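Colleague: Marked as domain 'Alpha-D-phosphohexomutase alpha/beta/alpha' by TrEMBL: 97-136. As annotated by TrEMBL, domain 'Phosphoacetylglucosamine mutase AMG1' applies to 261-350, 363-505. According to TrEMBL, the domain 'Alpha-D-phosphohexomutase C-terminal' annotation covers 560-601.
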Amino acid sequence: MPNVGSLPASGAEAEDFISIRPGPDIPEGYVDLDYGTSGYRGVADTPPNHLDHVVYRCGALLAALPFLRNSKSLYNVKLSLAGPLSSVVVAGIDRVQSAGAVITASHNHATENGIKLLEADGNMLETAWEKEFTALVNFRGPISHAVARVLKKYGVVRVQRNRVPYTILVGHDTRESSPKLAAIFKAGVEAMADVMRLERITCVVLGAVTTPTVGFLLNNSLLSASNDDMYVEALRRSFHATLDSLVALGCIKRSLKTDAHQSLFYDCSYGVGGNVVYKLFECLREIAIIPHLCHSPIWLGEQMQHMLNHECGANYVLSEQRPPALVESRITVYEDKWFCSFDGDVDRLVYFSPHKGTIRLIDGVRLLLIKMKFLNFALSNWVREGDEVLKVGVLLNHYANGAALNFIKQLMTEWNEADPRVHWSMQLCKVGMKNMQAKVPNYHITILYEANGHGNVVFSKDSPLHRDNGDCGYRRLMINVSAMFNNPIGDAIANSLFIELALRTLELSYEDVLQFYEELPYVNVSARIPSEKRSIFRTKPDDDSVLEEPAELMRLVTEAVAKVQGARAFIRPSGTEALCRIYSEAPSEAQARALANVIVEHMTSFL
């Protein structure tokens, strides 16, 4: 059997290496990619960010990942070469290994694409491994040398036959380039499987599915899935279980009276959400909602591949502060109607209503507040034994409006005083759901949301909720709610279904949600920077509202903010794109915009 050679010094001949199918070459003009807050993204068809070799190499390394992490227990072991899995006598192998990937660029233009990598539990790739993937993706020598280096580094010193079962699930969005990239990713998996002699590895292409679908299937070990049917059915069941609990408690009445129904339009951004959400419309009809499908890929055939996120979707509505173009063109029909808007891969949502030339917006922070109020209602009514304190964490980032933060703090103070058995606390995190998810183990229940609509509720299995043996209906209600959020990376469809249940339970209208607090005026500005200049801007490891480099730029920003009483502003380099985002908040919109312009001028002087 071949030995694994080490990577030779630059310019030297390789003495020994792993012979792996090289896959697509790095194209001329390619600019190195970084693993951002949600994986790799770039232009799909042309340099500087050609993606064929990127997804191929991601597939190859993901195929090796569990064996690199646990080379002694999963790879460098003596295995029976025949017989059932029980013939593997190795401590710790008690389940099939698994991982996942989604080919998507989320809210980006249809000509762009990317890849998100998921762990066995459905969470995003562990941060510690991002550098290894990036090193392989950007390696410009023979890939056989890079593979040899990484295998040797993690203790795979001799290739041998391996029969540990391992399933990789890969889904993709509705972009024209996505099916091809998914196939190239699978080829990368198979190439590494041949090299490492992984005889029981399977890469399943699920087709066009939402990102949360892949996370759900992994988290629940539904590795026999070939599409999203199991995901849809599980979400339908958990919705009905939650509704049944609310009806039994007298919180909600089922209503089939058509004259009492309210319309809700789903802006699916011409993305995969349009293929899925209509399958759950029956659930919404049970709570007096007439759902409608907008911007659905079902209607356009192949044309929809070029329409994805074009003048519609959650990111367009949020960044432009206006309705989708098609809605705007028929404003007399849609004025003051309410919409739920998804992004391209359905892991974020916002609500909006066209109103007098602009929109009324329910962003991620207001959605978080609806969930907070619902959970406080349920927890306040939960009759239980014992005095163990249940810890509820509310996680936001620095883009949350200052008025919202003050309102949340006020609610928490009131609730903590009212019920000492439940302790509410708030924490500001770096941008990106993966940074919030890192804080989840600190709480029994965690509500995490970004203003852009990424959000989730996570219930720990190690909490008073699961240790209580009582038969309180509100405890059963929360157990059923936890099943709706049985997905670690957040799900726009599940979020929307729950929001509608919560509003009816709390007897709140969309207009009531808008009255929670009055936002301070703010401006969000994106400033493009040359790709090669991205590394100039670096924030603190634990606070991405503070620049470490350039230190002089941070001084200038602080100075500019100090000149506007009650203002707040920061620069944050994007984790996925060649741009910096500037957030500015002030007592008036004119002041916020002027402050943002000053900061952009300061920033461009460093380019």
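Keep in mind that glycine also has a Cβ here, set from the backbone N, Cα and C atoms.
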Colleague: Write out how many residues of the domain 'Phosphoacetylglucosamine mutase AMG1' (363-505) are helix, how many strand and how many coil, based on DSSP.
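Modeller: Going by DSSP assignments, the domain 'Phosphoacetylglucosamine mutase AMG1' (363-505) contains 73 helix, 27 strand, 43 coil.
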Colleague: Give me the DSSP three-state residue breakdown of the domain 'Phosphoacetylglucosamine mutase AMG1' (261-350), ordered helix, strand, coil.
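Modeller: Tallied per class, the domain 'Phosphoacetylglucosamine mutase AMG1' (261-350) gives 39 helix, 20 strand, 31 coil.
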Colleague: Between 0 and 100, where does the mean pLDDT of the domain 'Alpha-D-phosphohexomutase alpha/beta/alpha' (97-136) sit?
Modeller: 96
